[in-house]
Amino acid sequence: MMRRKNDNKRYFTRMGTRKKVHAFVRVKPTDDFAHEMIKYGDDNKSIDIHIKKDLQKGFVNNKQTDWSFKLDGVLHNASQDLVYETVAKDVVAQALDGYNGTIMCYGQTGAGKTYTMTGTTENYKHRGILPRALQQVFRMIEERPTHAITVRVSYLEIYNESLFDLLSTLPCVGPSVTPMTIVENPQGVFIKGLSVHLTSQEEDAFSLLFEGETNRIIASHTMNKNSSRSHCIFTIYVEAHSRTLSDEKYITSKINLVDLAGSERLKKSGSEGRVLKEATYINKSLSFLEQAIIALGDQKRDHIPFRQCKLTHALKDSLGGNCNMVLLTNIYGEASQLEETLSSLRFASRMKLVTTEPAINEKYDAERMVKNLEKELALLKQELAIHDSLANRTLVNYDPMDEIQIAEINSQVRRYLEGTLDEIDIINLRQIQEVFNQFRVVLSQQEQEVELTLRRKYTLIDKNDFAAISAVQKAGLMDVDGHLVGEPDGQGFGLGVTPFSAKPGKKAKSKKMFKEQLSTSARKEGASSPVGGKDLDFSTSKTQLTPSSKEGDVKDMLMRDRETSSTEPLPLDSPKEELRPPRPSTPPPKPVAFEDFKNERGSEINRIFKENKSILNERRKRASETTQRINAIKREMDMTKEALNFQKSLREKQGEYENKGLMIIDEEEFLLILKLKDLKKQYRTEYQDLRDLKAEIQYCQHLVDQCRHRLLMEFDIWYNESFFIPEDIQVSLKPGSSIRPGMVPISRIVSLHNYLKTMMGFQQAHRK
Ligand code: ADP
Ligand code: MG
């Protein structure tokens, strides 16, 4: 729903409803009024015409004798005052709220168009719509001290499709070199070359109006053009800016007051030359005017023929469409003029059917908008400063972040993800946004790293590529669940290969079937089973044996454990015994075993791992402190710069002193310069330190990663050797024995063991 302003207090009223073109009829007073033929309705809104039979002879092919015209008002014996009130007052008032308005006088020559529009210049009482409109505009401006309103006027005459500036004789208007043209731009339509005059008061506007009127009359003498044979458009341009500077919206509007050329049709005979030419132009332009207005009222029409003639083109943004439109038809009251009167009334009733949809011409003052936004910004910054100091949050910097600050946030995010940093303190919105940003950066880096590691270690196969999968399964590289077994680089032995009778290439239909198969085969082997003849809990052992285990994974644990809890034991009660405890019937969960491992074989590597981590943490802490110092120095530099600027402005205000080409500055300014230089030096040193630290951190991080990897690898070997390799074979794996831990894949050891057992005649597999 659109709204429109109406006056100072009542700013908006409902709008968006379609309005009709208002059509009025004004009858020229006469002593010879055709009472029998012209009758007014009681409501003064209709006219009935009745033609007597004998008169009708003159009307070719027209058998009709009675017409009834419904209008918005019939002005009969109406004073100029009443005409203005009825026809123009609202249109002018709404123009000050941003609606374009057009008032046109239509009718045959002598019927009173000019009288209605301009009035008689010699009698103030008989002044027409034009002077009254100017008066109303200026009066309304006075009533609106809240707005700075400017008024401009122009006076255009269109004669035989040529444009004339009726105010071109004013001293301020230079001689026009090129003929006037109608130009369209996004702001609307304007006439290039037509002088537009700023008028700050009523008197100025009146004098312009008289100038134009005089010129119109003079031209009819010097240029031999009949003044009633031309269209005249007097335009009042209004632009209203709110005096409240924060209001960047402003409105513009035009009031077009149009005195049309006489609409009478030329008698068939006797016209020639100039008169014929004039009549042809007038007929054409008036019929184009009608076409354009009717097209505007037709919502289905998207093309309006505005450019067909100068009149409609010049009035393009002021006809129908989004403006208030009034058509005043001037008619004679005499019987002898009935034919033209009828034609004029027909035109009026056609116009009355047209609907328009007035809209405000609202524009934005870009410069004001920027200024207001700048002001708002400064105010909000101040507000923020106050807020910070009240909340004891001093020295928060809200400026855009520099490289170092962003790097620091990146480091925070990394530490947060790793678990070395419990939380990231919220400082301001910009910082929060940067934290999120860095999360994204770190995440995408990690994704790439993970993929790279996986690709280096494994051959990735598309899950939907069944041919490739079956090929891999045939080659024994993948179990039926799609887990890759074994590792191509030979590092991860002991993981993944099922140590029991699940034969490579043997297809099982489901995971469940596969598990059943495994457990039966394990049961069959009974006491000879390398794990002591008991059923294995495959759900655990499988997790432990596949490289991509999820829960209870030591890798996960290590990541969690990383750097923070390195000194604390895991929240699991793990017995810490010097000697290896007797082998349990089922292998302990990996996290528990890991604790044992760290105290046992892994103690040395674990110590190195912890040491490296603490060095890394220490370096990180130092880097963070250095970053903070750098930020503090930077802030101080900013402050010093500001103080220096202030001193400089003071110096400039007080006048500058020069001595032999050298600027004399006072001690305060000099000290500030020294301070700034010193700060700059500090900044550089700290920055260099930070860079060195960053390099060190990177190196330490690498060491920690390597240690972690090593620890894990050793643990896996230890775990498998401790819980999956038969005790008798473990002897040969003891330190000082021939086989070094991790040298032979566990699968090989186990199958070798089985083979040996068979050879030695142990047939315990069938023993219950
Ligand atoms: P138009 O502009 O339509 O050709 P004018 O406005 O020039 O007609 O009117 C012709 C004459 O009639 C003028 O002398 C004018 O003063 C006079 N006249 C027109 N209408 C009225 C009226 N309502 N009251 C008094 N005089 C009128
Ligand atoms: Mg006239």
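The chain as shown is numbered from 1 upward.
Each Cβ is built from the backbone N, Cα and C atoms, and glycine gets one as well.
Between the listed ranges 279-306, 363-390, 671-698, TrEMBL ties the annotation coiled coil to 363-390. Coiled coil is the annotation TrEMBL gives to one range among 28-55, 616-643, and that range is 616-643. Contact annotation for binding-site residues (Gly107, Gln108, Ala111, Gly112) versus ligand 2: none, no CB falling under 6 Å from a ligand atom. The Cβ of Gln108 (ATP binding site) lies under 8 Å from the Cβ of Gly262, Ser263, Glu264, Asn330, Ile331, Tyr332, Gln337, Glu340, Thr341, Ser344, each of these being in the same chain and 6 or more residues away along the sequence. DSSP classifies Gly107 (ATP binding site) as strand under the three-state reduction. Counting residues 6+ beyond its ends, the coiled coil (616-643) has Cβ neighbours under 8 Å at 395, 397, 402, 404-405, 407-408, 411, 415, 420, 563, 672, 675-676, 679-680, 682-683, 686-687, 689-690, 693-694, 696-697, 700-701, 703-704 in the same chain. Within its own chain, Lys113 (ATP binding site) has Cys105, Tyr106, Gly107, Ser228, Asp259, Leu260, Gly262, Asn330 as residues 6 or more apart in sequence whose C-beta sits under 8 angstroms from its own.
Counting only same-chain residues 6+ beyond the ends of the coiled coil (363-390), those with a CB under 8 A from a CB of the stretch are 241, 245-252, 396, 398. Residues Gly107, Gln108, Thr109, Gly110, Ala111, Gly112, Lys113, Thr114 make up the record's ATP site, and a Cβ search at 8 Å around their centroid adds Lys28, Cys105, Tyr115, Ser228, Gly262, Asn330 from the same chain.
In this structure, the binding-site residues under consideration are Thr109, Thr114, and the one with the smallest number of other Cβ atoms within 10 Å of its Cβ is Thr109.
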